[in-house]
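Below: one structure, written as structure tokens.
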Ligand code: AMP
């Protein structure tokens, strides 16, 4: 029997892993500059956290969660997203009692039972940020700019931030009423999913991907026309700060998060040309009611999550090579038993000195060892031949130039170290 990875998951092998590390390192460095701290929460949580924190009427909770019962009969779920766990950790650890705002970021795998295709996996990976404790609309814009900076720094081009405001529990009902009045006479023409949404969560009809539903809702009342005295100016201030930051954005009235705890700013990063699904690289928004929903106080929040798998698809699509590679500083070629014995402590010393060093462990002849050094793109090859060893020396060859010289063994580590730093 041959085992295969579960559908919608993938191995990340050497060669690919370096790209992931690069994306993760970039995220960490950017977050350092924006003064965020990393948080790590468990891979699984109590199912109820997501039912509350993501929402009962969302696709995620209705049909995409990996939920299981543990041996003690508890219902647990592999995390489908990172915001609800971050909020839980914020509340449970009483982080709200410390000085605010709290600025967190996370990187890690998420799990959703979806139909796999390019850029859509069942185990996928997100880089996300969350800020708790601040209502400043300028912060919303800075968060949107952080995501923009990330895409820019890894070399992706053509990313646009789509933004919208979804109002708040004060102004949303006014819009909702108008929306229902608009949609009800058109009910029969909506897709089956949207007919159900109309009853339970009409805002979600606006973000249906179905072409005919989109045509119907093109003329639907826009929430931005109904924003209250708090949400209207907030949205204006977000746009103003986005302009100050030079963020490329466009307003998309379809961008909704149909739950009461999502408020005001809502945004997505889209890439033209990757298709409706894979083209969404990331998304986020404000959730001023979520901390309270999860059992904390009235603490506002805002955040985003960017899909790393999709970024890699987009980078490949744009023909962008990340500056990564495994480099070997030194391959030690040995000829004969005596040389092998000298090579072992030499390798240890090189590695202690910070150089990456390798030797033959397959009993290859000189030619085979040179080939291996070449394949590993080693910067230097050190050849321990009998004659040189008798003089306590070795031949060092720089592979790129072909230049070679004899170096005394007691100087060898310094020689390689100095060269590999250049
Ligand atoms: P969401 O949490 O649904 O707002 O997703 C945020 C981002 O995560 C999306 O824009 C995608 O880039 C990524 N994402 C979400 N679901 C998947 C998935 N099943 N496979 C790969 N990436 C995903």
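Backbone N, Cα and C define each Cβ position, glycine as well.
TrEMBL annotations: computationally assigned, not manually curated.
Per TrEMBL, the L-histidine site holds 81, 82, 83, 126, 130, 257, 261, 262; the candidate it also names there, chosen from 71, 112, 115, 250, is 112.
Annotation note: residue 83 (L-histidine binding site) sits in a helical segment as assigned by DSSP.
Taken in sequence order, the binding-site residues 81, 83, 257, 262 that lie near ligand 1, meaning a CB under 6 Å from one of its atoms, are 81.
Considering other CB atoms within 10 Å as the measure, the emptiest surroundings among the binding-site residues 83, 126 are those of 126.
As a whole number, the greatest separation of Cα atoms within the L-histidine-binding residue list 81, 82, 83, 112, 126, 130, 257, 261, 262 is 22 Å.
The Cβ of residue 257 (L-histidine binding site) has 166, 266, 285 as same-chain neighbours under 8 Å, each 6 or more residues away in sequence. Of all the binding-site residues given, namely 81, 262, the one with the smallest number of surrounding CB atoms inside 10 A is 81.
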